[in-house]
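As recorded in Swiss-Prot:
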type: SIGNAL; residues: 1-23; note: signal peptide
type: REGION; residues: 29-49; note: region 'Disordered'
type: DISULFID; residues: CYS47-CYS58; note: disulfide bond
type: DISULFID; residues: CYS52-CYS63; note: disulfide bond
type: DISULFID; residues: CYS57-CYS72; note: disulfide bond
Amino acid sequence: MMKLTCVLIIAVLFLTACQLTTAETRDEYRAVRSSDEVQNSRSTDDCSTAGCKNVPCCEGLVCTGPSQGPVCQPLA
């Protein structure tokens, strides 16, 4: 019984280590990234690539359309 417990603990530790090493390249494991990387990914949330009524358009886009539903479009 003790050997089985040890094997299970080692397996869990190994799988956790595998997830942490691949977490740097995957977006699905954001919780394990450093706080700087998370802040950098959040900085892109300050602009919009779609509607621009409440959030300004991202760089390279301009807000056009009626006041009820303006959208972000590429600069011409």
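Using N, Cα and C of the backbone, Cβ positions are placed for all residues, glycine too.
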Inter-residue C-alpha distance, CYS72 (disulfide bond) and CYS63 (disulfide bond) (nearest angstrom): 5
Winner by Cβ contact number (other Cβ atoms within 10 Å) across the disulfide-bonded residues CYS63, CYS72: CYS72
Rounded distance in angstrom between the Cα atoms of CYS63 (disulfide bond) and CYS57 (disulfide bond): 6
Cβ-based isolation winner (fewest other Cβ atoms within 10 Å) among the disulfide-bonded residues CYS52, CYS58: CYS58
Most crowded position, judged by CB atoms within 10 A, among CYS47, CYS57 as disulfide-bonded residues: CYS57
DSSP-derived class (H/G/I helix, E/B strand, else coil) of CYS57 (disulfide bond): strand
CYS47 (disulfide bond) in three-state DSSP notation: coil
